[in-house]
Amino acid sequence: MTQIGPQKKKSYFDSSQAVRSGEQEDIKHKDAVAFVCQWVVNHQIEWSISLLVVIQLWNYAVGGESALVQLQYKIPDDPQGRYTRGWRDTCFIAHWAVIFTMLRAVTMYRVLEPFARWYGVRSNRKVTRFGEQGWLTIYYILSNAAGVYVMYNSPHWLNSKGFWIEYPEGHKQMTMLMKLYYLVQMGFWFQQIFVILIEEKRKDFAAMLAHHIITCNLLGWSLYMNYTRVGNAVLCCMDSSDIFLSGTKCIRYLGFVRGTVFSFVLFILSWVFTRHYLYLKIMFSIMYESTSILNYNMWDPGNGSFYNYYVVVAFTMLLGLLQLLIIYWFSLVLRILYRVAFFGNYDDSRSDSEDDGNAKTKLANTVSVSKAKVE
């Protein structure tokens with residue numbers, strides 16, 4: 001018996017997964033904007049590689065000094081080879097946003113999704129999710145390792161007072177490693193806004209978009225106001241638990257039940273420790289520890305000092321909003337934990353059903369036939 005299936009939530013780019021997966025459908029574009037958006041989604045590998053080639057040719061033409069490719073604002077005659085920040089850094093960030101677009105598309109569509117199909121994952125939606133979460137797992141492993149290494153070689157390693165000691169001197173001057181790490185992270189998070197707009201909309205779309213916007217604001221303002229040490233610590237807290245979050249989903253999509261349970265337990269423990277305990281310690285340092293080391297009369301932008309009462313309030317509010325989103329997501333995690341404990345159900349509360357049944361008709365948001373249960 002046929003039935004009217006629920007409509008799939010579209011992305012803001014009118015997701016083209018059906019076209020990309022080889023399911024040809026007659027998609028009529030009513031205007032040029034829709035056509036361009038569709039083309040951008042369908043050809044991420046092609047246009048990103050082409051743009052990167054153009055960037056490298058331009059860098060060669062200007063003698064290898066393009067702000068798109070090279071770090072800017074190196075301090076002359078500095079014995080440590082340190083850098084400051086400036087508006088040309090936005091070019092470097094944009095370049096890395098394009099790099100991540102290319103790396104994500106190649107990794108997902110040419111490596112992870114073919115692997116999932118070869119391994120035996122039959123659901124088109126699970127194959128796509130495996131590609132998305134596999135890419136994030138790889139990125140978070142690398143970014144967290146880089147972040148911990150940066151912190152290990154900085155004064156704030158296991159010392160929150162290091163966020164503030166001698167500010168702004170030693171803070172407005174960044175090592176090459178710190179600046180590279182920070183700008184690359186900013187490139188990734190700006191690219192994530194593009195990703196969330198092209199992916200299939202999930203139930204927590206608004207929360208995810210808010211998270212990405214707040215994160216980009218925190219990174220941008222902390223770079224401008226020379227609080228990169230605090231930003232480094234926050235990024236490490238977030239990235240470490242994300243490894244287990246995305247990794248657990250990948251293990252589940254491949255059908256490893258025991259591995260999923262073990263990884264899920266590690267994920268919950270890491271989430272509570274990093275995203276609540278350590279994160280709140282950083283917020284405590286901003287609200288109270290900073291005031292015991294600095295004073296509110298240190299507002300001197302010309303000297304790179306951006307500390308006063310209003311700055312403390314602003315950063316506390318932004319981090320507080322982020323913590324509220326984290327608490328919201330943790331409530332969803334607890335719902336999953338309840339279902340796992342009592343029903344053995346590992347479904348992500350944020351997603352629609354992972355069983356895509358007749359994928360072609362669902363992706364077209366039309367009438368669907370009876371869903372086939374995927375083991």
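Placement of Cβ uses the backbone N, Cα and C atoms for every residue, glycine included.
Database features, via TrEMBL:
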TRANSMEM  93-112  transmembrane segment
DOMAIN    128-342  domain 'TLC'
TRANSMEM  133-152  transmembrane segment
TRANSMEM  180-198  transmembrane segment
TRANSMEM  205-224  transmembrane segment
TRANSMEM  253-273  transmembrane segment
TRANSMEM  309-330  transmembrane segment
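Residues 116, 119-121, 126, 129-130, 133, 240-241, 243-245, 247, 330, 333, 336-337, 340, 346 of the same chain sit 6 or more residues outside the transmembrane segment (253-273) yet have a Cβ under 8 Å from a Cβ within it. Nonlocal intrachain contacts for the transmembrane segment (93-112), taken as residues 6+ away from its ends with a CB within less than 8 angstroms of a stretch CB, comprise 20, 44-45, 48-49, 51-52, 55, 68-69, 130-132, 134-135, 138, 183-184, 186-188, 190-191, 194-195. For the domain 'TLC' (128-342), the model's pLDDT averages out at 95.
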